[in-house]
Amino acid sequence: MSERTTNGGEPVRYGEEEVRRGSGGETHQVTGGGRPPLTTRQGIVVADDQNSLRAGDRGPALLEDFHLREKLFHFDHERIPERVVHARGYGAHGFFETYESLADITSADLFQRAGERTPAFVRFSTVAGNKGSADLARDVRGFAVKLYTQAGNWDLVGNNMPVFFIQDALKFPDLVHAAKQEPDRGFPQAQTAHDNFWDFASLMPESTHMLLWAMSDRAIPRSLRFMEGFGVHTFRLVNADGRSTYVKFHWKPKAGMQSVVWNEAVKLIGADPDFHRRDLWDAIGAGDLPEWELGLQLFDDDFADAFPFDVLDPTKLIPEEDVPIRRVGRLVLDRVVDNFFAETEQVAFCTQNIVPGIDFTNDPLLQGRNFSYLDTQLKRLGGPNFTQLPINAPKCPMATFQRDGHMATDVPTGRANYEPNSWPGEEGGPREDPEHGFRSHAEAVAGEKRRVRAELFADHYSQARQFYLSQTEVEQAHIAAAFTFELSKVERVDIRRRMVAGLRNVDEGLAQQVCDGLGLGELPEALPAARARVDDLKPSPALSLLRNGPQTLAGRKLGVLVSDGTDAALLDALLAAAEEEGMTTELVAPAVGGVRTSDGEQRPAGQQVGGGPSVLYDAVALLVSADGAAQLAGHPAAKDFVSDAFAHAKFIGCGPDADALLAAAGVERGADEGLVDLGGPGDAEAFITAARAVRLWAREAA
Ligand code: HDE
């Protein structure tokens, strides 16, 4: 034990479980009790982390204070450039499990043995917003999967939509410039509702199909767990004989698809900008592990030749009804990151990371991506050795003659750093392996060197129409509303008009609704189409989100508004029924300290009513006492809790004493089957059963 004097003149002792004073007189714990000593980066134990080294009590700081200088120096350099797109993301660890051997179609090691597990890291993201933007922005979601296979890392860098805005990588910088904040004013943030985006989009008819997706509810998912993922491009699988099969990759969420409605998204952005990441973190923490099945659409040259579109065109998809999806494995996320920066930020995906048995096609977007991803990491992560970071390093044997560079952490041994060499054994380092090494599919390539697009790429409207016609009426209405919202934020009338003119090539009804919504007057003349539409495309039910909804509330969240005097038996019955369904539950109360229920018990709340709006929940219940209802009826946030849930077509469980609150919110008990009475025996179960539909869309149409 030792003593010393702070600048406050008070003696401080060092040792087990002791405290010392900072200049403000506050106390600080020092080492002991299992806590390791604080050190500098050089390992020197720090004696005082509260006061910099000064000449005299009130004198200047001294340059020799290496601890102060090192601490500030490191802090000054904590930030790295954010991703130029997909800046805001969230990752988790997990594994991929193969269902059956796919040796007949691919030699990819991870697909050889049924039941084998391959470690995985997944990063979900929004595209346009900056790193600090909100999770619920209307946007495409990135769905990037790194699979640490025994034959090297395979990155499947996909999105939650199966098509893309452009056909050629040359246009990507223009697309991203147009989508991000406008360069002169630096806004709007994380949204495409502005002139530049729609100016570009309306001048690029090839974006139409993707615009339909982006204006659909797919762009505002309820949870990262409840969305599909797509590899987008056509890839190849190559078997041991060198035979190639085309493939489109799909991730199918086990929990079913679900999105929010736009008005809900707007409110969620304020209520919880971290809604998606919190949801993922909470679900994994609670052991409700997010899971997707990997689906393959496999087809050959004959199919590709007969298909009315070019399978190399990333603005087109292949309907599942035409080429069924074969489910070949599952991806499970079972571990949150230990450190957001070290893992989620530093993870570097690259479309070029493929393994033997998988290969590229000539999709011009994919070809450009293959350059871009490696290149961008150099800027973002500062040097070529980002591959040595734990999150990026392969988990299989790795040996290369690549050497040195910034921040090399590998310590290669041996004399040879080149080959061929004549050093024997280990001294000579690794050698190529013609038998197991990666070989490109020997595709015959010939042609004139020209800047052109293949003719079939020119049909920009047929599949956009097919997508639109595949939606339910509710979804179609949401698409029209989204176009109207976004284009209403566009200041230039000619841009609004041009976009509506393009939509006429998709669907006259849609164009008319948007035209009316914008108050444009007469429908503008349709844009000329470069190629006639194929009009007999059958709707594809698989493209509808609502037709592929969950029909269960498992993994969903129930919010229960309570007050002092809430009937404890009713509350317990409801919570039990919800938990039985696999839901999580949260009490929302006038104060976060909770309420005293009818049995005299104090129940802590998860949220106070001002911070727990109903947009946070998939279904809500109002289990308030008569006094509580009367009090909450005068509380704006409590009224919004009810009226928002109603407006968002949610199921609302109405306790016997909730009338004053319902009335204040303008909601009539029993007005539709989404308002379910809770009071008698079996009501809780009946409410949960009814709410499995997740939304009562008929209410929206009414
Ligand atoms: Fe990306 N994209 N992209 N992209 N992309 C990036 O790479 C790019 C495209 C996708 O969580 C960048 O590391 C080009 C399609 C995801 O870290 C960059 C083109 C699809 C992520 C880049 C595309 C994607 C990115 C930015 C057109 C779906 C986030 C930072 C030719 C199939 C990965 C980075 C993560 C990230 C370039 C188009 C998905 C600049 C040039 C199509 C999920 O390299």
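Including glycine, each Cβ sits where the backbone N, Cα and C put it.
Per TrEMBL, the feature compositional bias 'Basic and acidic residues' maps to 13-23 (among others).
Per TrEMBL, the feature compositional bias 'Basic and acidic residues' maps to 428-437 (among others). DSSP labels the residues of the compositional bias 'Basic and acidic residues' (428-437) in these numbers: 1 helix, 0 strand, 9 coil.
Per TrEMBL, the feature domain 'Catalase core' maps to 39-427.
The annotation region 'Disordered' is assigned in TrEMBL to 1-42 (among others).
Through the fold, the region 'Disordered' (414-437) approaches residues 151, 356, 399-401, 403 of its own chain, all at least 6 residues removed from its boundaries and within a Cβ separation under 8 Å. The region 'Disordered' annotation in TrEMBL covers 414-437 (among others).
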Taking every residue in the domain 'Catalase core' (39-427), the average pLDDT works out to 97
